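Feature annotation from TrEMBL assigns domain 'Enolpyruvate transferase' to 6-408. Annotated phosphoenolpyruvate binding site per TrEMBL: Lys22, Asn23, in sequence order. Residues annotated as UDP-N-acetyl-alpha-D-glucosamine binding site in TrEMBL: Arg95, Arg124, Pro125, Val126, Asp127, Leu128, Asp307, Val329. Annotation comment: TrEMBL describes Cys119 as 2-(S-cysteinyl)pyruvic acid O-phosphothioketal. The active site, proton donor annotation in TrEMBL covers Cys119.
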Amino acid sequence: MEKLIIQGGQRLVGEVQIEGAKNAVLPIMAAALLATDGPVQLTNVPILSDVFMMQDVLKSLDAKVEFDEQRNQLTIDASGDLNFEAAFEYVSKMRASIVVMGPLLARLGHARVAMPGGCAIGSRPVDLHLKGFEALGATIHQNHGYIEAKAERLVGTNIYLDFPSVGATQNIMMAATMAEGTTVIENVAREPEIVDLANVLNKMGANVFGAGTETIRVEGVTALHGTDHSIVQDRIEAGTFMVAAAATQGNVLIKEAIAEHNKPLLSKLVEMGAEVIDEEAGVRIIGPAELKACNIKTLPYPGFPTDMQAQMTILQLLAKKTSVMTETVFENRFMHLEELRRMNADYQIEGQSVVLYGDTHFNGAEVAATDLRAAAALVIAGLVANGETLVTNLQYMDRGYYHFHQKLRALGAHISRADFDAAGHRIKQAKRA
Ligand SMILES: CC(=O)N[C@H]1[C@@H](OP(=O)(O)OP(=O)(O)OC[C@H]2O[C@@H](n3ccc(=O)[nH]c3=O)[C@H](O)[C@@H]2O)O[C@H](CO)[C@@H](O)[C@@H]1O
Ligand SMILES: C=C(OP(=O)(O)O)C(=O)O
């Protein structure tokens, strides 16, 4: 079993390069299924296990996919005949594969996708996705663990989302690109990754208007074609390094981070006493000698991102006084705190909120990641802890962070990755040591 080994106590200093966004590339890879004329060529593609998983999903649908990892370039050719079924073995490993449903329905009038389960952060239903497909004229059947959607021809309509779901917005937007007439989707998600997807769809010949606002209008077209696109930078990876810099009293330039995409995080970092400098090359964070307590509530964009919640609780625990974190997007996203208790964290969960008693002196311990951002939070806690921290369950971290510990090491962290046997003895340096 691989573990990260961290000796805490080093300030992070230097520059770090950010990758393309996981949450942008996954739906954009699915969008490539819509192109019947020529390939979609993506650049700035992050090398992540989720991207390999989506590559497998697309191949299982009979698209041709080539990933040039040296150049971070992915070529997807879906111009041939496609299969309409995304099997359980893929969807169970990566929930985000549900976003192939909209493109398949638009292109083939038929999609059969394994029902995604919940995960450590919540139950994560897909009712809003299905409500949108039905409104566009699809009939939906759910049986034997699969969701099947069929439509002779999708027809544009007005759709109101009860909640601005990221995945539902993407799925419905993609389905609507080839519907007959106009689709208006209200109360949509406004994340930068939605805008990136809309930009690609428009380059492919779609007519999507209003991405980034509360209402998206899609004028249907009869066919889409291939295009080139560079994936937007990952605001959550950038934010994770920002928090790590602030936690370690560091001074780090996060290269190519887009301040505009991280406004709620940056405003909280300033409130806690960090210095934020928006430079030409990226965003520089200088951590304060002492962090101030502050209360935070996660919300859909442009609110504070739930994907930064776990990392941010480390800063709140380090602050001198008590802070409150309120999680409104997912119902069960405080799992990392149970692990942090082993490292000396003290807190009280009250419904959607957690009261974090500050002035924590983190002690190194062995801790297990429960999801991707929990992994990042535990690593940051390890960076400021006394002594040695071991972080396990690294498969979660690999879903969304490329070379995470190597990047931290280049900033001065004492961190490595090694393989251990069942008895806990170190066997060898991990491949990605
Ligand atoms: C691959 C990707 O881009 N993942 C992101 C995406 O996930 P994802 O697209 O799954 O997140 P959603 O915005 O859809 O989910 C937000 C909330 O809405 C609920 N919901 C969603 C759909 C639905 O049909 N019914 C329903 O009740 C979910 O259970 C959750 O409580 O947005 C989340 C919220 O910013 C992020 O944390 C994830 O990193
Ligand atoms: C929750 C996340 O991703 P996913 O929706 O792919 O599980 C995340 O990126 O933090």
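Note: Cβ is positioned from N, Cα and C throughout, glycine not excepted.
Because TrEMBL annotations are produced automatically, they should be read as predictions rather than curated entries.
Features as recorded by TrEMBL, highlighted on the structure.
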residue : record                                        : Cβ contacts under 8 Å, 6 or more apart
Asn23   : phosphoenolpyruvate binding site              : Ala96, Val166, Glu191, Glu193, Asp234, Ile236, Asp307
Arg95   : UDP-N-acetyl-alpha-D-glucosamine binding site : Pro116, Gly117, Cys119, Arg124
Pro125  : UDP-N-acetyl-alpha-D-glucosamine binding site : none
Val126  : UDP-N-acetyl-alpha-D-glucosamine binding site : Ile98, Met115, Pro116, Ile147, Gly167, Ala168
Asp127  : UDP-N-acetyl-alpha-D-glucosamine binding site : none
Leu128  : UDP-N-acetyl-alpha-D-glucosamine binding site : Leu161, Asp162, Phe163, Ser165, Ala168
Val329  : UDP-N-acetyl-alpha-D-glucosamine binding site : Thr298, Leu299, Pro300, Thr306
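When the binding-site residues Lys22, Arg124 are scored by other C-beta atoms within 10 Å, Lys22 scores highest.
In terms of local Cβ density within 10 Å, Asp307 ranks first among the recorded positions Cys119, Asp307.
Within the set of recorded positions Lys22, Cys119, Val126, Asp307, Val126, Asp307 have a CB atom less than 6 Å from some atom of ligand 1. For the domain 'Enolpyruvate transferase' (6-408), the mean pLDDT of the prediction comes to 97. Checking the binding-site residues Pro125, Val126, Asp127, Leu128, Asp307 against ligand 2, the ones whose Cβ sits under 6 Å from it are Asp307.
The secondary structure of Cys119 (2-(S-cysteinyl)pyruvic acid O-phosphothioketal), as reduced to three states from DSSP, is extended strand.
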